[in-house]
Amino acid sequence: MAVRWTWAGKSCLLLAFLTVAYIFVELLVSTFHASAGAGRARELGSRRLSDLQKNTEDLSRPLYKKPPADSRALGEWGKASKLQLNEDELKQQEELIERYAINIYLSDRISLHRHIEDKRMYECKSQKFNYRTLPTTSVIIAFYNEAWSTLLRTIHSVLETSPAVLLKEIILVDDLSDRVYLKTQLETYISNLDRVRLIRTNKREGLVRARLIGATFATGDVLTFLDCHCECNSGWLEPLLERIGRDETAVVCPVIDTIDWNTFEFYMQIGEPMIGGFDWRLTFQWHSVPKQERDRRISRIDPIRSPTMAGGLFAVSKKYFQYLGTYDTGMEVWGGENLELSFRVWQCGGKLEIHPCSHVGHVFPKRAPYARPNFLQNTARAAEVWMDEYKEHFYNRNPPARKEAYGDISERKLLRERLRCKSFDWYLKNVFPNLHVPEDRPGWHGAIRSRGISSECLDYNSPDNNPTGANLSLFGCHGQGGNQFFEYTSNKEIRFNSVTELCAEVPEQKNYVGMQNCPKDGFPVPANIIWHFKEDGTIFHPHSGLCLSAYRTPEGRPDVQMRTCDALDKNQIWSFEK
């Protein structure tokens, strides 16, 4: 039977069809918009991530960009350089070396913007920093009659490796230089550099006070002190500031890489850096990292605790530096201030560290460019304020220091009391436990004088960088300690420990007296370094069966050797004297 549609039925069917069609179209449109919206969201998110990365890269940018590297240029990438010079040029070079103790003739021909190869550890290079949260810094560079090219290379090195967002300023402090080029010429040059300020002292202040003058003008959160002949490597600044940002009581040093004074080769330490120590003359020394410090650190890029610092290059929170009492302004010129500050940091609740990811090259001159006549005065101040009863070991090895007028130290002692600083005994046991503490028993330390050749004393003078590379000899007694200071220990060792812990030995089948490294505390004493200092004044060596004897060479020069013992031979009689 056929179905007949009424008008009303047809209308309902059409309405239903349109409704379904509308819903279908809406679903399509919604799906399209959702898909397009997600695409736009992904695009926007990607753009924001890209912007964030771009912003991070922007924040790491230095104030100035180095010119492109020229691999053919002298000294580029830190390579050694040597010039082929005629007679006149060679004479000029030697004159400049004599004046500056650095090969300035070569330095003047090396780019002020040279590139240094970045050999830092992978973990250092891959570190990420939140630049917006890092403290800012003022870099303080004090100088006196510094050569033009080494000073400017230092300045450009800072400007070209320090993120602009972190570098508040470079403050140059001219400590009354008298070189013409450091007057108007320098002012004109730095007037074209952003964030570089020049301050001149009106009298010779010395390194300590010159740096303090710079610190008073600093506006950064952190004070970063550099010497005036340095080159900063890539990424040198961020690790220092990040560490201080996490712990304001940390005083942090970069790894100090060596720049050869003659060839300007940049020797970058790629292994574990050395840490600072001292000998009992209060002279700074480098030491390897002890096992307990290696065990304490979790990562090889963690900061390394150091008993002392070299002093030329370090960063410290400005607030904390002021809290600690800044530098001891009673110290003159330079020398000893680094140990004084090191003791103070540790004994007064701070910590001193070397950051393995921060590298700064330093030109170590052929010799000190100018004298430090106040070294004993400065070290005596440090000993009197911070070393308690242990200062006697310093004075025993530096007899002239007992007569030094080290000035008024009452304020420094009040500072120690106010900060509730710990004892030097605590420092030795907790910070530098590997340092051997001398016995210095009464009557058994000092110069050992020959009774047979009474003007002569035992003397040990080793070559540089080879402590055991010489033999015991005789030299005119001078009463200055140093090379003529020895200690006879309860272990029957004859120790030479003004510089490093060396023990007198007689090599097998030999008649001379050499030196070897002493055994560490608690370890057995080898037979060939045991001596008997007898009541009659003879010094007997049981292992060889011989006695120490003074004698004169055929040329008449006094010397010492091992000989058959003879109680009647005055040349075998010795005595300790201060």
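From the backbone N, Cα and C atoms, a Cβ is placed for every residue, glycine too.
DSSP assigns His362 (Mn(2+) binding site) to a strand in the three-state reduction. Among the features that Swiss-Prot reports, Mn(2+) binding site is placed at Asp227, His229, His362.
For 444-577, the entry in Swiss-Prot reads domain 'Ricin B-type lectin', with the evidence type sequence analysis. The predicted model assigns the domain 'Ricin B-type lectin' (444-577) a mean pLDDT of 93.
Look at Swiss-Prot and you will find Asn471 tagged as N-linked glycosylation site, backed by sequence analysis. Every protein chain shown contributes to the tally, and the Cβ of Asn471 (N-linked glycosylation site) ends up with 18 other Cβ atoms within 10 Å. Annotation note: Asn471 (N-linked glycosylation site) sits in a coil segment as assigned by DSSP.
Marked as region 'Catalytic subdomain A' by Swiss-Prot: 134-243.
Sequence annotations record features per position, and here Swiss-Prot assigns region 'Catalytic subdomain B' to 303-365.
Less than 8 angstroms from the CB of Asp459 (site 'Interaction with glycopeptide substrate') sit Leu472, Ser473, Leu474, Phe475, Asn483, Gln484, each of them six or more residues away in the same chain. Residues or ranges marked as site 'Interaction with glycopeptide substrate' by Swiss-Prot on the basis of experimental evidence: Asp459 (among others).
What Swiss-Prot lists as site 'Interaction with glycopeptide substrate' is His478 (among others), and the listing cites experimental evidence. In the three-state DSSP scheme, His478 (site 'Interaction with glycopeptide substrate') falls into the coil class. Proximity of His478 (site 'Interaction with glycopeptide substrate') to non-local residues of its own chain (separation of 6 or more, Cβ distance below 8 Å) is seen for Cys457, Gln484, given in sequence order.
Annotation source Swiss-Prot lists site 'Interaction with glycopeptide substrate' at Asn483 (among others). DSSP assigns Asn483 (site 'Interaction with glycopeptide substrate') to a helix.
Annotation comment: Swiss-Prot describes 1-12 as topological domain 'Cytoplasmic', evidence class sequence analysis.
Sequence annotations record features per position, and here Swiss-Prot assigns topological domain 'Lumenal' to 36-578.
What Swiss-Prot lists as transmembrane segment is 13-35, and the listing cites sequence analysis.
Cβ contacts within 10 Å of Asn483 (site 'Interaction with glycopeptide substrate'), excluding its own Cβ and spanning all protein chains shown: 19.
Local packing around the Cβ, expressed as the count of other Cβ atoms within 10 angstroms, is greatest for His229 among the binding-site residues His229, His362.
Over all protein chains present, the Cβ of Asp227 (Mn(2+) binding site) has 21 other Cβ atoms lying within 10 Å.
Closest in space to Asn471 (N-linked glycosylation site), of the binding-site residues given as Asp227, His229, His362, is His362, taking the CA atom of each residue.
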